[in-house]
Amino acid sequence: MVFLLFGPVFALPVFALPVFTLPVFTSPVFASPVFASPVFASPVFASWSPRHRLARYPVFASSSPRPSPRHRLARRLVITSPVASSSPLGHHRHRLGSEMFALVNRILDWFKSLFWKEEMELTLVGLQYSGKTTFVNVIASGQFSEDMIPTVGFNMRKITKGNVTIKLWDIGGQPRFRSMWERYCRGVNAIVYMVDAADHDKIEASRNELHHLLDKPQLAGIPVLVLGNKRDLPNALDENGLIERMNLSAIQDREICCYSISCKEKGNIDITLQWLITHSKSGGTR
């Protein structure tokens, strides 16, 4: 006959009970007789559910109230958490968990790029020979060419970057085409205004055309990105020079940004694309 003690108050006899032994945990947290002792397969002492077997944690019957599911879950988490162990195995599991989390995030981003496409519409305007068509070719193919033919009328091109598809209108910059600018700028996500930063003689004309365009009530609130192209040439204006000469500080009714770029050397093309992609959800449709 075996007597099992339940505290100092009473003892209960048990006859010929089969014995199941739990493995001893290596962590100092579990170096206790409670976890290393035999578990008696008796309805009086232990009840096991599939979740308890998964957690390898016995629930002992007693006269105290049964723990709520939340408490049982918390106790199992304490037992199985790798952070609770200071052993090298625990740290290894924690590192593997972090790497698995990062991998899952990358997979989710990939699925998002497959099923959640974003589209944006841009209009590219500016005086002739400022480099508009060259800019479109660089962001589309990464190739620069000195022999670009000036745009006659307009061109439309679709460019895909990640999960964003950019519909880009390239409008001719000759005087006879400038009356078309306002029509093709309506309802777009952003207006890109190209300036030849190395041609100081045309800066004033470029400034006047920009402010005249943005005075149109149909274009109110549309973000504007001013690009000073050809910064690789001598005496080209930088961002501060462009802001001053183009009087950009006077534009207060919308978001406006200015970058100094080089289509030839691909300088600042990456941050220009980033600005465009972040504005893929703004604006409207024509």
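Backbone N, Cα and C define each Cβ position, glycine as well.
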According to TrEMBL, G126, L127, Q128, Y129, S130, G131, K132, T133, N229, K230, R231, D232 bind GTP, and the residue from G173, G187 that belongs to that same site is G173
Run through the Cβ atoms and count how many others sit within 10 Å of the one on K132 (GTP binding site).
28
Under a criterion of Cβ-Cβ distance under 8 Å and sequence separation of at least 6, what residues of the same chain contact D232 (GTP binding site)?
S262, K264, E265, G267
I'd like to know which of the binding-site residues Q128, T133 has the most other Cβ atoms within 10 Å of its Cβ.
T133
Should one count Cβ atoms within 10 Å of each candidate's Cβ, the binding-site residues G126, G173 would be headed by G126
Integer Å value for the Cα distance linking T133 (Mg(2+) binding site) with G173 (GTP binding site) is 10
